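Among the features that TrEMBL reports, transmembrane segment is placed at 20-43, 55-74, 94-116, 136-154, 201-221, 233-255. Per TrEMBL, the feature domain 'G-protein coupled receptors family 1 profile' maps to 37-283.
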Amino acid sequence: NFSRVTEFILLGLSNTREMQVLSFTTFFLAYLMVLLGNLLIIVTVTTDPKLCSPMYFLLCNLSFIDICCTSVTFPRMLVDLLTQRKAITFEDCIAQLFFLHFVGASEMFLLTVMTYDRYTAICKPLHYTLIMSRQLCWLLVSACWAGGFLHSLVQTLLTVQLPFCGPNTIDSYFCDVPPVIRLACTDIYVTEWLMASNSGFISLVCFLVLVTSYTFILVTVRVRFTEGHRKALSTCASHVMVVTIFFVPCIFIYLRPFSTFPSDKHICVIYTVFPPVMNPLIYTLRNNEVKASMWKLWKRCKV
């Protein structure tokens, strides 16, 4: 490693004190909602034997990933909003980059698996329990984590081999591949296209698989429009909204040359904040089974 830079300076989202206080309040409440909402889902699913279907197993894993994903960026961002000099060491920056892509790619793969689960449940209901066995669910979740690890390892190795000799100012509120490699003291044309083909290609392929799966689901629901399928359609519509908010900004940021476009830190807020906050609301307030289980859990806690 030929780096001479020992730390980076994060510029954050705003330089004005008023906006920093407003941002701290907003992101603190959002982080609190993510932690409480997703922890409530995990506790509810793991303590209620009735919620043992593959859908709830995958939902529990999604909640865990959302907690991990926000915990990579939110705590440090909240601390930086209260300090004047937002410095992060080179090692901490690389670690944040690694874990961000690790859990981020794992979530992309898991959302794709969840779509396959809904496709099987709606389009092949008679074979659902046979296809989505517990063993297959564990295998798919393990594959999501393994795929996220490999993706993040490639991104991290491509980053640390670059020489950083100044400047050291990152125009963002966390360390990510695009703003970091722009600071490299070398030609990054090949590196940025390798990274774009990695992150961008994964985002695009997963999104296309999701769109294709939901297309088949919509065709099936249109042919067999019963009360059960109406409920499934409502659930899928909410799922489509969340994955669109998550994937479209990722495709926009990562599927392009990093050095030729300005900073997009405000777009990063869309996929790092909104999906983790919305997932607990969509999967609990719109699901009668989960709400009933939460009510039973609440009554047991009161006793």
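Note that Cβ sites are derived from N, Cα and C of the backbone, with glycine treated the same way.
Automatic, uncurated: that is what TrEMBL annotation is.
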Study note, to complete from the structure: Given 20-43, 55-74, 201-221, the one sharing the most C-beta pairs under 8 Å with the transmembrane segment (136-154) is 55-74
**Study point:** Beyond the flanks of the transmembrane segment (20-43) by 6 or more, those residues with Cβ under 8 Å of it
**Key:** 12-14, 59-60, 63-64, 66-67, 70, 74-75, 77-78, 81-82, 273, 276-277, 279-281, 283-284, 290, 294, 297
Check your understanding: Top stretch among 55-74, 201-221, 233-255 for CB pairs under 8 A with the transmembrane segment (94-116)?
Key -> 55-74
